[in-house]
Amino acid sequence: MTKCFIAPSMLSSDFAHLADESNTIIQTNGADWLHIDVMDGHFVQNLTLGAPIIKCLRKYTNSFMDCHLMVEKPQNYIGTFHTAGVNMFTFHLEATSDAVALIEAVHAAGMFCGVAIKPSSPVKLLWENKDIPSTADMILVMTVEPGFGGQEFMSSMLPKVVELRQRYPNLLIEVDGGLNQINVADAASAGANVIVAGSSIFGNPNRTQAVAQLKNACESCTSLPLIQHQAILEKTLYGKKI
């Protein structure tokens, strides 16, 4: 059993060697998931890779793919991302008027589903009208403004994590943006158990050590519960097999 998943942000990897980077970071460096940022240039002011590249990448890795879609109309991407081999389809709460219906559509397609919130969005939106965290597999709390990597961690977002953990003790809570070996302990203490880290892993000359430091900080957090989502645990372990 484990208390956390470490999900390196592939946005910080070398895109010229994406397949090699994806395999090495899991099989050699000890990470758990591949976090893949998908941006459409409209929901956020940046463009990244899309379903065709993810589909090609899937041919070279069994790793758990955690796709964060920063896009308008995320419902239009469900079919293509399922076909591409995505495991976790995470859309933004701000991009839909009916998050629960969208979660159900993602589940019906055969993927796990996460829901992300921007720094400006109050966390209570997740349960104020409909109980979104009880339907989703994961909630992603952005700790930077979405759209670009390498930004400074916003510790002011951690109270959102604290409240989510109090309300939903067994929920997967992901944090993304500016996480490193110094502030990860604060995120874990707040209740985060999926850690997205980009430059603090890929920019480190010893990536194995960088991943281990993040994981050890979470595993040693006494207040963090063991992950209970058995289906995701099994998919994660399968993805780490050579």
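Keep in mind that glycine also has a Cβ here, set from the backbone N, Cα and C atoms.
Summarising the annotation, TrEMBL assigns substrate binding site to Ser9, His68, Gly147, Phe148, Gly149, Gly150, Gly178, Gly198, Ser199. Long-range neighbours of Gly178 (substrate binding site) (same chain, six or more residues apart, CB within less than 8 Å of its CB): Thr143, Val144, Gln151, Glu152, Phe153, Met154. In the three-state DSSP reading, Gly178 (substrate binding site) counts as coil.
Annotation comment: TrEMBL describes His35, Asp37, His68, Asp176 as divalent metal cation binding site. His68 (divalent metal cation binding site) falls within a strand when secondary structure is assigned with DSSP.
Taken from TrEMBL, the feature active site, proton acceptor applies to Asp37. When Cβ atoms from all protein chains are considered, those within 10 Å of Asp37 (divalent metal cation binding site) total 25, not counting its own.
The Cβ of Asp176 (divalent metal cation binding site) has Ser9, His35, His68, Ala116, Leu140, Val141, Met142, Thr143, Val144, Val196 as same-chain neighbours under 8 Å, each 6 or more residues away in sequence. According to TrEMBL, the feature active site, proton donor maps to Asp176.
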Where Asp37 (divalent metal cation binding site) falls in three-state DSSP terms: strand
Secondary structure at Ser9 (substrate binding site), reduced by DSSP to three states: strand
Listed in sequence order, residues not in His35, Asp37, His68, Asp176 with Cβ within 8 Å of the centre of the divalent metal cation site Cβ atoms: Ala7, Ser9, Leu11, Ile36, Asp66, Cys67, Thr90, Leu140, Val196
